[in-house]
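Features of the protein shown, as given by Swiss-Prot:
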- 1-23: signal peptide (SIGNAL)
- 29-352: domain 'GH10' (DOMAIN)
- GLU155: active site, proton donor (ACT_SITE)
- GLU262: active site, nucleophile (ACT_SITE)
Amino acid sequence: MINQRFSILVLLLILLTFSLGFLKEEAKGMEIPSLKEVYKDYFTIGAAVSHLNIYHYENLLKKHFNSLTPENQMKWEVIHPKPYVYDFGPADEIVDFAMKNGMKVRGHTLVWHNQTPGWVYAGTKDEILARLKEHIKEVVGHYKGKVYAWDVVNEALSDNPNEFLRRAPWYDICGEEVIEKAFIWAHEVDPDAKLFYNDYNLEDPIKREKAYKLVKKLKDKGVPIHGIGIQGHWTLAWPTPKMLEDSIKRFAELGVEVQVTEFDISIYYDRNENNNFKVPPEDRLERQAQLYKEAFEILRKYKGIVTGVTFWGVADDYTWLYFWPVRGREDYPLLFDKNHNPKKAFWEIVKF
């Protein structure tokens, strides 16, 4: 009897060992789920890319993303460097890649205080507005039917609690009129494109209310605006997912779409932190993963209001955070590591 029990126990242990080994091997070969498929019933999944890196990221882009944003190639200094001179080549490469692979394209951006040549601001207010109208006609017209959404105006709001619009030539010379006209002219050129106001730190209550006020004024005047873009450049300390939810709820009161347009989560607690990690610390990757998890729980909760989430990059081997705010500092803000493998943050947002 004892021998029989012992034999059964040994057999069970063998079976258990075999099963665990099988499961381990199965897990090794487990298919990595496609982000765009996981979220196909919620919102588009996008990435900011360059014409120089789309083929470097080709496999990741085709599998996981269904929307692309040109990181710099549609900004004024690149696409319209001189009066009456347009260079659509770099942006066209991205748009063509997207079209061939069934992806949408977000246009970024028509009015911004950075990366705009100085000649744009020469002359009178009327001359500047006429120059902008011509720019919008050419750029939006060139991509009509290919770009489904535009960040028409980018970062117009001041970070100073006592100021509304930022101090920049567009607004110092033209005031809020330039914002209104930009949306009106973009809509005239492509009535089917969705038009967004886009800004950073919109999770902050003060800046949130500024954005609410701006968009409400535009809507009250009948200006065509369809959405607000929350950029979403986070650190491990700020903002909180709850702040994101508060902003989504507030903007939803305006009856507009909300998109997270430039999402990334730095592994630093402070934007100017002195550390420079050559290898990301595990505890920081854990914190990053938790923040992504909580953020996406909120984004899914507001399905129908949140219509798109775009990451500002594809994988950790290239991020704008290498250059700003601390030049040369390594960072690891995205869902895929430098070898293009999914990080813990990736698995946290696909498990639901």
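Quick reminder: no glycine exception, Cβ is built from N, Cα and C everywhere.
Across the active-site residues listed here (GLU155, GLU262), the residue whose Cβ sits among the most other Cβ atoms within 10 Å is GLU262. On the 0 to 100 pLDDT scale, the model's mean across the domain 'GH10' (29-352) is 98. Mapped onto three states, the DSSP output places the residue listed as 'active site, nucleophile' in strand. Straight-line distance linking the Cα atoms of the residue listed as 'active site, proton donor' and GLU262 (active site, nucleophile), rounded to a whole number, equals 13 Å.
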